[in-house]
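Feature list (source: Swiss-Prot):
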type: MOTIF; residues: 9-37; note: motif 'Q motif'
type: DOMAIN; residues: 40-219; note: domain 'Helicase ATP-binding'
type: BINDING; residues: Ala53, Gln54, Thr55, Gly56, Thr57, Gly58, Lys59, Thr60; note: ATP binding site
type: MOTIF; residues: 165-168; note: motif 'DEAD box'
type: DOMAIN; residues: 245-390; note: domain 'Helicase C-terminal'
type: REGION; residues: 390-421; note: region 'Disordered'
type: COMPBIAS; residues: 405-414; note: compositional bias 'Low complexity'
Amino acid sequence: MSKTHLTEQKFSDFALHPVVVQALEKKGFYNCTPIQALALPLTLAGRDVAGQAQTGTGKTMAFLTSTFHYLLSHPAAENRQVNQPRALIMAPTRELAVQIHSDAEPLAEATGIKLGLAYGGDGYDKQLKVLESGVDILIGTTGRLIDYTKQNHVNLGAIQVVVLDEADRMYDLGFIKDIRWLFRRMPAATERLNMLFSATLSYRVRELAFEQMNNAEYVEVEPEQKTGHRIKEELFYPSNEEKMRLLQTLIEEEWPDRAIIFANTKHRCEDIWGHLAADGHRVGLLTGDVAQKKRLRILDEFTRGDLDILVATDVAARGLHIPAVTHVFNYDLPDDCEDYVHRIGRTGRAGASGHSISLACEEYALNLPAIETYIGHSIPVSKYNPDALLSELPPPKRLSRPRTGNGPRRSGAPRNRRRTG
């Protein structure tokens with residue numbers, strides 16, 4: 001994490017449980033990010049927090065630190081049953097739930113607090129086996145949480161801490177009824193610590209906070225700035241016929257260390273993946289059709305640097321902290337203005353600079369005015385020479401083979417091809 005992204009406030013300055021501070025410092029966390037410095041004084045005082053912060057600002061560690069401190073500082077109910085977790089952390093996607101669980105593991109190891117994970121797709125019996133042994137903090141997606149609760153594998157009657165992460169995304173994915181169902185089975189809001197985090201504190205998110213929290217305090221990090229000032233934005237107007245060649249040319253010119261390419265449909269993502277894999281790039285595909293285990297493996301490979309490019313639908317645009325993404329390509333301009341902000345928010349994180357390149361083609365250029373109105377500025381336009389685009393590119397690979405993840409490794413030697421003109 002860049003030092004420019006940190007405040008002068010140290011975790012050790014707060015009255016945090018000493019074991020929590022030691023665990024944080026062991027992981028190299030000494031100074032707070034802005035959202036942590038704003039949220040911790042409130043949660044340590046037992047006050048509910050609704051925070052506006054993008055992914056990558058340290059919000060996960062803000063609510064994890066608060067949760068572990070609270071559980072260590074407040075005894076569990078004497079009559080608590082083995083199927084009753086003490087804290088519940090709800091996430092909109094299984095990838096985010098897995099990531100939060102991973103971030104919580106060092107704190108759990110240091111404190112002896114037990115973690116559980118519940119998400120759909122696979123691993124039902126494996127997850128259930130952990131729950132049956134008893135967990136203190138349960139992290140999961142709403143569908144699987146409801147499933148376990150209805151079967152009495154989980155009872156929410158002893159919940160002391162609740163976290164709702166990416167609340168706006170919960171609405172986008174239609175999970176709000178599930179959230180309310182789960183809240184109705186918990187103790188009253190006044191009897192627990194409640195935290196909500198969202199990229200935007202829209203009216204509907206504030207309404208949820210009013211309904212389910214106890215006079216929540218609102219904290220915001222740079223609320224006036226919808227796109228990071230460290231992100232260089234750039235816009236091209238390609239024809240539909242030249243769009244793919246322009247993308248491949250830009251990748252050759254930029255040669256990004258780590259890039260994410262977003263498209264609006266899974267079929268478009270598969271097409272992009274096929275062209276880039278055939279062209280020799282180390283590229284992974286992340287859509288809803290990719291099996292859960294493979295999605296997690298691809299994310300891990302991309303995070304480790306074994307893949308240079310990830311092609312994704314908006315399933316990956318929210319909540320996933322992938323460090324050091326240098327470039328984001330919007331192959332399609334998104335239909336939802338907020339998705340533009342969330343997509344380009346993959347880069348320029350934690351004090352680093354980033355580059356966002358958008359292609360406004362004939363099909364999606366109509367989305368541009370609403371996006372620019374939403375972000376409050378025009379995206380700088382760049383021009384390209386059609387005669388300078390790459391040509392003689394290989395035909396795209398197809399997804400007939402099981403391996404969805406990677407194309408061939410990049411070679412340091414240039415391929416024998418030429419630009420036209």
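Including glycine, each Cβ sits where the backbone N, Cα and C put it.
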Self-check item: For the domain 'Helicase C-terminal' (245-390), the number of residues DSSP places in helix, strand and coil
Solution: 61 helix, 26 strand, 59 coil
Self-check item: Taken over the motif 'Q motif' (9-37), the model's mean pLDDT
Solution: 95
Quiz prompt | Same-chain residue ranges lying at least 6 outside the motif 'DEAD box' (165-168) that approach it to Cβ under 8 Å | solution = 55, 59-60, 63, 89-92, 96, 100, 196-200, 202, 204-205, 208, 318-319, 338
Exercise. Just give the helix, strand and coil counts over the motif 'Q motif' (9-37), going by DSSP.
Key: 16 helix, 2 strand, 11 coil
Quiz prompt | Structural state of Lys59 (ATP binding site), classified by DSSP into three states | solution = helix
